[in-house]
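Peer 1: Grabbed the feature section from Swiss-Prot, which reads as follows:
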| type | residues | note |
| --- | --- | --- |
| ACT_SITE | C85 | active site, nucleophile |
| ACT_SITE | H180 | active site |
| ACT_SITE | E182 | active site |
| BINDING | S234, G235, G236, V237, D238, S239, S240 | ATP binding site |
| DOMAIN | 8-206 | domain 'Glutamine amidotransferase type-1' |
| DOMAIN | 207-400 | domain 'GMPS ATP-PPase' |
Amino acid sequence: MNDLKKSPLLILDFGSQYTQLIARRVREMGVYCEIYPYNINHEQFKKLNPCGVILSGGPSTVTHDANPRAPQWLFESDLPLLGICYGMQTMAVQLGGQVHSSTLREFGYAELRLHGHSQLLSNIEDRTAMDGSALLDVWMSHGDKVTELPPGFKVICETRNAPIAGMADESRQMYGLQFHPEVTHTLQGLRILQRFVVDICKASTDWTPEHIIDEAINKIREQVGTEKVLLGLSGGVDSSVVAALLHRAIGEQLVCVFVDTGLLRLNEAEQVLSMFGRHMGIRIIAVNAEDKFLTALKGVTCPEEKRKIIGRTFIEVFDEEAQKLTDIKWLAQGTIYPDVIESAATSTNDAAVVIKSHHNVGGLPDTLNLKLLEPIRELFKDEVRHVGLELGLPHDMVYRHPFPGPGLGVRILAEVKKEYADILRKADAIFIEELHNAQLYHKISQAFAVFLPVKSVGVMGDGRRYDYVICLRAVETVDFMTAHWSQLPWDFLGKVSNRIINEVEGVSRVTYDISGKPPATIEWE
């Protein structure tokens with residue numbers, strides 16, 4: 001992807017929860033961007049040859065000298081700069097302005113009034129005030145505020161509690177915004193970012209699925225040559241897109257290993273083998289390891305221990321199959337850009353203990369002695385989906401709800417047994433089927449069933465019975481960091497409950513989880 005990455009837009013991260021959202025908004029414009037720590041090395045910066053820089057927000061306060069600052073050389077680089085929230089405040093302080101903590105903090109919506117003309121905000125408005133001023137509805141999240149402009153800057157917008165809500169030095173193409181244009185609550189936020197990125201930075205807009213695929217194929221062929229590549233295919237979005245991309249790039253040089261853990265969704269193994277094996281012609285080695293996984297999980301109830309056992313057992317099975325293939329030189333993984341960002345951020349943080357391992361193939365042993373191939377490591381999840389569609393993968397596969405790496409193992413709140421997995425598989429399939437039938441599936445972010453290890457009395461015909469409880473979970477979220485429980489219609493839930501109790505032997509009661517995140521997590525374990 002070298003040509004598409006020429007002169008990218010850089011985002012320097014000061015720790016904001018919205019940093020990745022900024023990058024996703026920039027990518028939506030067809031512009032390639034990368035996220036780097038705020039203290040990026042000058043030599044590395046020069047090699048990247050960026051077209052412009054965005055300074056993100058962050059949780060710190062610039063009123064403390066020890067807190068993060070942008071490299072001072074950045075302000076002498078002659079590149080367009082945009083500081084957002086904390087990014088604006090550190091820009092102001094480092095260029096000679098003043099920032100103070102405010103007693104009138106702003107969190108949430110605010111009405112922004114534009115001042116005169118600025119290249120960044122001109123002709124962008126939600127409505128007009130009585131005096132003719134342009135007004136914008138924006139999203140604020142700050143306690144500090146700029147109280148004195150740096151030399152050369154002018155005020156470009158204000159709110160009731162922040163007289164300097166935006167500033168600009170047009171001659172040096174430096175801009176600061178106290179609000180967050182990257183969040184959807186700022187209605188014109190994408191237009192504002194586009195004004196900076198495309199109009200001011202003159203960024204190239206060639207970052208499209210077609211171009212991404214073309215560049216990726218060229219890079220794969222250049223790296224791999226005539227050597228063979230091994231991929232652990234799970235049926236999830238990331239590994240599916242990698243499989244389709246590699247198959248298009250190198251054809252029969254790709255070998256996939258699919259491990260049936262016994263903890264997959266109903267008919268999932270058959271669907272994966274049919275789609276990639278029979279229809280696409282990819283060579284797949286299918287391994288039924290259900291007994292091995294269930295034996296390893298016998299007697300284990302601790303969620304974290306279950307995860308470790310499932311991960312360790314997968315590695316053993318995968319390694320065993322890989323050792324049989326003596327002509328493999330490469331191991332492909334479905335690493336995506338958020339994984340890369342997380343790993344980079346954690347590696348520079350002494351307090352960080354655990355990096356989330358990549359589903360299924362994360363932590364494969366060094367004894368494989370294979371070279372690593374990560375063809376989608378520069379893509380966000382939504383970009384992976386767009387590439388998948390462009391490669392011809394079915395919409396329902398590409399937009400399937402997330403499924404945890406340990407599978408049903410962490411949706412059975414007890415020791416994992418085949419009986420429990422079979423009950424849960426059937427109940428979950430009914431829930432998902434009815435969501436599709438009611439055209440609700442793609443309106444929610446994630447839905448699944450959970451097996452509860454308690455028995456509840458029920459009545460079937462003239463008899464009483466004690467059977468298990470199934471809990472249904474459905475959430476709506478943008479980033480999976482926070483989530484609302486989905487307010488599905490009661491008659492719909494009643495229909496699903498009735499079907500599960502009548503069609504799944506061993507279930508006497510169905511409940512619905514109405515917990516948000518926080519305080520709950522999306523998964524139960």
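Just so you know, glycine gets a Cβ as well, placed from its N, Cα and C.
In terms of burial and nearby residues, how do these features look in this structure?
Peer 2: According to its DSSP assignment, C85 (active site, nucleophile) is coil.
Around the Cβ of H180 (active site), the same chain contributes Y18, G57, I84, C85, V138, W139, M140, S141, T186, G189, each under 8 angstroms and 6 or more positions distant in sequence.
The secondary structure of E182 (active site), as reduced to three states from DSSP, is coil rather than helix or strand. Around the Cβ of E182 (active site), the same chain contributes Y18, L21, I22, R25, I84, G189, L193, each under 8 angstroms and 6 or more positions distant in sequence.
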Peer 1: I'd like the Cβ neighbour count for S234 (ATP binding site), meaning other Cβ atoms within 10 Å of its Cβ, all protein chains included.
Peer 2: 26
Peer 1: What three-state class does DSSP give V237 (ATP binding site)?
Peer 2: helix
Peer 1: Taking every residue in the domain 'Glutamine amidotransferase type-1' (8-206), what is their average pLDDT?
Peer 2: 92
